[in-house]
Amino acid sequence: MGTFLADLHIHSRFSRATSKNLTFRHLAAWASVKGLDILGTGDFTHPGWLAMLEDELEPDEGGLFRLKQTADLARELPGMEGDLPCRTKFLLSSEISSIYKRGGRVRKVHNLVYMPDLDAAKRFNAKLAQVGNIASDGRPILGLDSRNLLEMVLETHPQAYLIPAHIWTPWFSVFGSKSGFDTLEECFGDLTSEIFALETGLSSDPAMNWLWSDLDAYALVSNSDAHSGPNLGREANIFHGAKDYTGIFRALKGKLSATEFRGTLEFYPEEGKYHLDGHRKCGVVVDPREGRRSDNICPVCGKPLTVGVLNRVLELADRTTPVRPVGHPGFTSLIPLPEIVSEIVGTGPRTKKVARMYFSLIERFGTEMQILRSVPVEDLKRFSSVVAEAVTRLREDQVVRQGGFDGQYGTIKVFSRQEREAFKRGKAMLPIPVDRQEQVHAQGATPRSFEADPKPRPEPIAEPNTLQQQAIEAGPGPVLVLAGPGTGKTHTLMGRVKHLLAQGEDPATMLVVTFTRRAAQEIRNRLALVDPRGSKMRADTLHAMAFDFWSRKLGEAPVLLSEEGARSLFATANPDLSGQSLKRAWESMNRDRELGRAGDSAYYLNYTGQKSAWNLVDYTDLLEFWLEQLRTETDAHDADRYAHVLVDEVQDLSPLQMALISALVDKQGTGFFAIGDPNQSIYGFRGAVADVQSHLKALWPDLVTVSLEKNYRSTRQVLDLAQGVFPHAAGLSAVRQDMGSAVLFQAGTAAQEAAWMGGKILSLVGGTAHWQADAGEQGGLGPGDIAVLVRFKALIPLYRNMFDKMGIPCAAPEAEAFFRDPRVERILAQAGAVFGIMTTDMEQVCPDDILARGPEHIARYVGDRPPFDRMFWSSTPFKKLVASYHQHGSWAGLLNHLSLESELEEIRLAAQKVQIMTLHGAKGLEFEAVFLPALEEGILPFVGTDILTGKVQSLEIRSDVDEERRLFYVGLTRAKQRVYLSHSRERKIFGHTLRGKPTRFLRDLPAHGLSVRSARAHVRVQEKSLTMLEKMRPHKMS
């Protein structure tokens, strides 16, 4: 048993507009070439096709059918040479068109019907013949209510089932805009529960269907709906396990089965004939928003537009972004191989020229699905570098999409228009002639070493510059290193460690304090490389160390509240507070605690009393408890004293944290070494000390300060721009000699701004292919080299949605955490309830004693019990849960680790995706190109959501302009080479339309080297691009 592919919706020669070449041998030949293991028979309701079925097929095991004669199967395919083993079996299927009146409207719905054996099929046909003429069309058109059709299917056989076909097609589907329903219940009534799967159709994919929560309970299948052999496998289903009818039936139904449903292979929905709205006769095509503005009326002839699938999906959707339901498998989008070859050779996909190359590929590498999905690219390069590039782009989802409309197929391309023109001029590499004696199977041969790209050699570790060395050797008294962006902060910190170890210091008496767990892990990794003894040093956050101290001191780990849990508890403890007063009291109390002056306010006392009653602690409790012990108990102080305390990002520490640090060294500050940049102090709302130099000088008057001056990250242009933010501060000198760029874009609307950004990103990543003829495109960036940094999270969706629309791979940090998976959340919620950390009304996943044994025991106990399934237990989120559980040793350890995570630690750079994140989240990161949008007063400097939404007057709250300026500086200095700034005259956010002025910070930037551009009126994108290689071209709207 293994993985197999099934295409379960096709048609026969007896259906309208189908190929007359269709026989079961012909279908089996094409299916074998495509890589399909099971094929629906299609049209078993037609007497003529059923007779051919009995003539050409014979029963196989498990309710399937096989060809009686498999010899010389290749003869069915002109152009195919050599042997063609038959890999395909058949499953009884048919499509039925129901046209009837319900609820005062004419309904036109297509449904797929499946039968487990010939006897059942014949009984069903006999019933159906009583309703209408089943011999007139392979897909019979009957005046039979879909609910009654379903009843007829269920009465025929216990394993007979019905799947609504291409559910969004405008004219003939259950949810079609022209003649469908708004819910399944409207269509199937009291038998709706008997529907367990839905066919997405060519014009939609699972992600579009995940916009509507009503469909979460249904398996989403995809089939080709092929009317000819070459169109088989345009869409298909992936199964694993037993290859039989019952296995497929039970897998789709979500029952325990020897077969698993593992997702679908998809046609790009834009290629479907009804994806967008339009009027084919007039050549008008519009997206749903444009169509709705014109009341879906054709601007040319005044007749109604055909409302497409996307519009209809959005009409019924109750989500703004797709949410993959628990237990649902994923999908992969593909382009048929003949269409790819057609692009390369410059002729239609049905031409002999395309067929020659197509069958050459099949003969050399295996099935079409293997070529598209698994044949190594290096093997394909031996045949044709252009084919290899095309397949690479497809696998990376880098394609150009033009949506179909009103019955006209859309187009999906892997190459841009310019590239296709280059092929016509013969400037692309041609396929290498195939040696027919050479056998290269699907797994491929290992490339020779001289053909492989050489692995980059590790760069030599640079020696410290003069000022870095001065900082490294300073001491033994307290030392502060002022390290601006890109000046080698971590390099200097590691140099200090190496220096101390070389001086014979005991690593067990050395401590590195970081602001985040992510930074701590990075430091630990580096310490192990600096010196083998470095692994004996501790590198951690103060909160993590305080947690360990609490556990040691009291003999058990505390139950730690998350930030959200702490806020909720504060509200519970102070029921008289609400709204703004609650928010201000909470923020004020937290800030006062970090400043070391919590006091005895009633709100604070209520909160601490509630925590004590429930035996809970928050982050700050950990620090306060540790500091109190250090100050009052000599043994505690001696046990936790370090000879050397090295502090990273010292500007982010609060007075409370500073007090803890100072308590870990002697009164003279011996062994204290801190490094940071006051100009990057951006956590004042948490009590961070901005003027860290003065604060430390007050503690230790003999403090030695060293300022680093050389920047190794950014170009001179970027540094000159950033220098304008702090014109009176000493500037940094650029080590890099290459040129950079800085652009300021003035947009009319936020959507216009986002579209401009998308166009720039597409341009930045253009020209990366080595074979591209346009020699002018040099130094192209990867998507992962680019970041979009915003002031707050609510700004992210605008840019992410625009980039998705334009086909730009992008990621926002919150989407990457494994513990956001709904099933993981259920497990963690029960674990949290067991340990008293949270309450939940979710049903228990398993008995508490099973849970206590760990995730693997939960998996064995729960198995396939909904909402879990066996696929989940091997999924990435669950594997990460298991790994994290073992890393932290217990549920308590894992839960406390997750509680200690901050927003900064949510950032996980996804390979080859444009990163969209907050300015705070970008701290410590660097990118080749950085976009800083929404640079408007009120947003930066940020005055708060309540002022932006008009809930309070602007005089009530004052922004910390100095900190906002530093935040802007952080954003600018994340860039290595290019900075793109932008603002908009109008922006809708938090449900309100804002008309803001450009931020005051822009006035401080030097005019030289900053290119200022304004939006052109009436600009739109005509061709959506996923290639990341074709630039956006503006078109005036008619």
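Think of each number as a place in line: the chain as shown, counted from 1.
Yeah, the Cβs are placed from backbone N, Cα and C, and that goes for glycine too.
Per TrEMBL, these features apply:
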type: REGION; residues: 434-462; note: region 'Disordered'
type: COMPBIAS; residues: 450-460; note: compositional bias 'Basic and acidic residues'
type: DOMAIN; residues: 462-715; note: domain 'UvrD-like helicase ATP-binding'
type: BINDING; residues: Ala483, Gly484, Pro485, Gly486, Thr487, Gly488, Lys489, Thr490; note: ATP binding site
Please give me the CB contact count at 10 A for Ala483 (ATP binding site), counting all chains in the structure. 28
Counting across all protein chains shown, how many other Cβ atoms sit within 10 Å of the Cβ of Gly484 (ATP binding site)? 26
Other CB atoms, at most 10 A from the CB of Thr487 (ATP binding site): 25
Taking the centroid of the Cβ atoms of Ala483, Gly484, Pro485, Gly486, Thr487, Gly488, Lys489, Thr490 as the ATP site, which other residues of that chain lie with their Cβ within 8 Å of it, listed in sequence order? Thr492, Asp677, Leu708, Asn711, Tyr712, Arg713
